[in-house]
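Below is one structure, written out as structure tokens; comments come after it.
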Amino acid sequence: MESGCGLGTLCLLLCLGPVVGFGVDPSLQIDVLSELGLPGYAAGVRQVPGLHNGSKAFLFPDTSRSVKASPETAEIFFQKLRNKYEFTILVTLKQAHLNSGVIFSIHHLDHRYLELESSGHRNEIRLHYRTGSHRSHTEVFPYILADDKWHRLSLAISASHLILHVDCNKIYERVVEKPFMDLPVGTTFWLGQRNNAHGYFKGIMQDVQLLVMPQGFISQCPDLNRTCPTCNDFHGLVQKIMELQDILAKTSAKLSQAEQRMNKLDQCYCERTCTMKGMTYREFESWTDGCKNCTCMNGTVQCEALICSLSDCPPNSALSYVDGKCCKECQSVCIFEGRTYFEGQRETVYSSSGDCVLFECKDHKMQRIPKDSCATLNCPESQQIPLSHSCCKICKGHDFCTEGHNCMEHSVCRNLDDRAVCSCRDGFRALREDNAYCEDVDECAEGQHYCRENTMCVNTPGSFMCICKTGYIRIDDYSCTEHDECVTNQHNCDENALCFNTVGGHNCVCKLGYTGNGTVCKAFCKDGCRNGGACIASNVCACPQGFTGPSCETDIDECSDGFVQCDSRANCINLPGWYHCECRDGYHDNGMFSPSGESCEDIDECATGRHSCANDTVCFNLDGGYDCRCPHGKNCTGDCIHEDKIKHNGQIWVLENDRCSVCSCQSGYVMCRRMVCDCENPTVDLFCCPECDPRLSSQCLHQSGELSYNSGDSWIQNCQQCRCLQGEVDCWPLPCPEVDCEFSVLPENECCPRCVTDPCQADTIRNDITKTCLDETNVVRFTGSSWIKHGTECTLCQCKNGHVCCSVDPQCLQEL
């Protein structure tokens, strides 16, 4: 439970004062009837006279209707309510006798975030809501609201503090677990019903309002006292302190980490660099790599194609490629016998006598140079080849490439008879005419691939790949055929579905006895599963603990079947789906609440005044009871005293405030019991036993919509006992034994909490804000606060009434 205002009454004692003429800021007010646009909005709801003439009133009759806010209107409501913990529900109503209906409901899927209900069957007002621990909770207020009379009702919620007023009288004030108002998208708002099929309110409603402000009941009853500050104010102050503590702890941790990093940074200078082909480049440094301009940016090499500029060359020069460079540059030239030669280029000329003369281009002139001595060739003369740039011959097959070449990446050197040339590798094209630089050919984009149907072409350096489309498998490098996912078990069908192969995919169909879309199939039970049971296979129900039968329709009586052995001072009480050991009359629990009743101890009725002995007798305490003893020599009447009134011995009467309970006086003892409903008795009181009314034969539809119940039938659903009466479903929380302890836990799949001694195991704690914890960094934490343990990322710690409880989140560890 969230921390209340210290003790439950602390908020009331801080500041009291009358407030007169209380005004309401329109931005904090939701006038539900006006916003919904009744009566034209919903068929079957009509305007009628109300308690007063200041606003419209509407009759909600016993007919099918759908009074639901549009998504746009609902979102206007929720924008004011979302994540608010200080608001008041106001309504003026006149509810039909015995009707059990919902005044309004805010719910999403199966979760009721806020719902106000009035039960005429059990004479209760119920508030259903979601808690901060994401559990459903119902707060029950015994009160007769469905009496066909006008009432003004207000329910003020301030964090964990509830105040219920009826007709400007404070009826109840409680400290409860704080509601969770983080309303998700898709939440719906209903008025006068829970949904299209359940919770129909029958009667008249007027002045239905939601005020997002503290103590909004003042607008309905201006003469009431107002508390200051409210519990929500108090919660806010505590929360702010917790947040500041958490910020302080996180800031301290960050400063410590920053200091450690600064100490390391002082010892070195770090600069991002890039590495390419064994060379290291500094940040923002640029260089040329073949026919690409590259730059080091943030430690990554970024390159783009080099664009060569065609400039005019001066006289006696021309453009020519230079080794190691992509673009042509101006080079000196020589003109010799009508041909152009570049600087350093050689040419042979043979005289008429057959002598070889060697010329070389130098300083714009072809100059004769001495010829080199020629090596002796080891091949026949027929295999000897003359060269244009040397007076020496070579043998056929000479390897010019080993003597050096200018072929770059993606280009290979190839030998001809008299020289070496460059050639682009397969899958690459030349960037210039000498093939020294080459680029990849995108066969996919240019349509130069052989990929067939059912494939996708993917370009690779120097080649391409044919990838099979989804649902197909490979035949060869270029072809794919249909893939039968059903045969290879590569489908997403549910285990309870049949797989049917299709072209390029497959279909899933649920097996007989299951329903769903094929990827998700749920078992179907034709008779349904009652009392919270789950259908796990075709017509097979898995029953919750405490129930049995094909449809979980039978409650297991643990008390009569001998499963339970209660202490001699306790009785075994069988309840739908479970049991508990309850102290016998004359005993009460000592506060330990042991499961078997060992903590029951005797009540001294005589000392506490909880006896019914008349004045002419003497009360004598017994183990588990008392005795009204007549003093020696006196003639005692055997009368009883009940609610300060004398009841004669043998007298039977009906309680004034409960016509369905009968009491009797027997020799000084008063015994009361609930009236037994015998529907065979023609004089049965139909007020107390409405299930015996033959006129009320309407059936009820189960909440799941799969089952129908007759009037008078009962069942269990989500830890609530439900009953069908007059065609209406009325549900109330299962009775739980009192748990008056500091720490309690609600076990999984159970409906009632149990006491535990270890606060770290508890999910509900009576928080005491005076008890604090000291975390690992010596920061003081308030009870209820939580934090991530210093030096970890996945260890969450909480302060629970002075105890530090830490646990590791496995999902967090997986995400690291």
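Here the Cβ of each residue, glycine as well, is placed from N, Cα and C on the backbone.
In Swiss-Prot, Cys499 is paired through a disulphide bond with Cys486, chosen from Cys486, Cys510. Cys468 is paired in Swiss-Prot with Cys480, the candidate among Cys451, Cys457, Cys480 named as its disulfide partner. Of the listed cysteines (Cys391, Cys392, Cys395, Cys422), only Cys422 is recorded by Swiss-Prot as the disulfide partner of Cys407. According to Swiss-Prot, Cys572 forms a disulfide bond with Cys559, chosen from Cys559, Cys583. Across the domain 'VWFC 2' (638-693), the DSSP tally of helix, strand and coil residues reads 3 helix, 25 strand, 28 coil.
Proximity of distant same-chain residues to the domain 'EGF-like 1' (397-439), defined by a Cβ-Cβ separation under 8 Å and at least 6 residues beyond the stretch ends, is recorded for 290-291, 321, 323-324, 326, 385-388, 461-463. With helix defined as DSSP H, G or I and strand as E or B, the domain 'EGF-like 6' (602-637) counts 4 helix, 12 strand, 20 coil.
Between the CA atoms of Asn615 (N-linked glycosylation site) and Asn635 (N-linked glycosylation site) there is a gap of 12 Å.
Counting Cβ atoms from all protein chains shown, Asn517 (N-linked glycosylation site) has 11 others lying within 10 Å of its own Cβ. Rounded to a whole value, the Cα-Cα separation of Asn298 (N-linked glycosylation site) and Asn517 (N-linked glycosylation site) is 50 Å. Panel annotation: around the domain 'EGF-like 6' (602-637), residues 569, 584-588, 646, 648-649, 665, 667-670 of the same chain, lying at least six beyond its termini, place a Cβ under 8 Å from a Cβ of the stretch. Comparing C-alpha positions, Asn53 (N-linked glycosylation site) sits nearest to Asn517 among the glycosylation sites Asn293, Asn517, Asn635.
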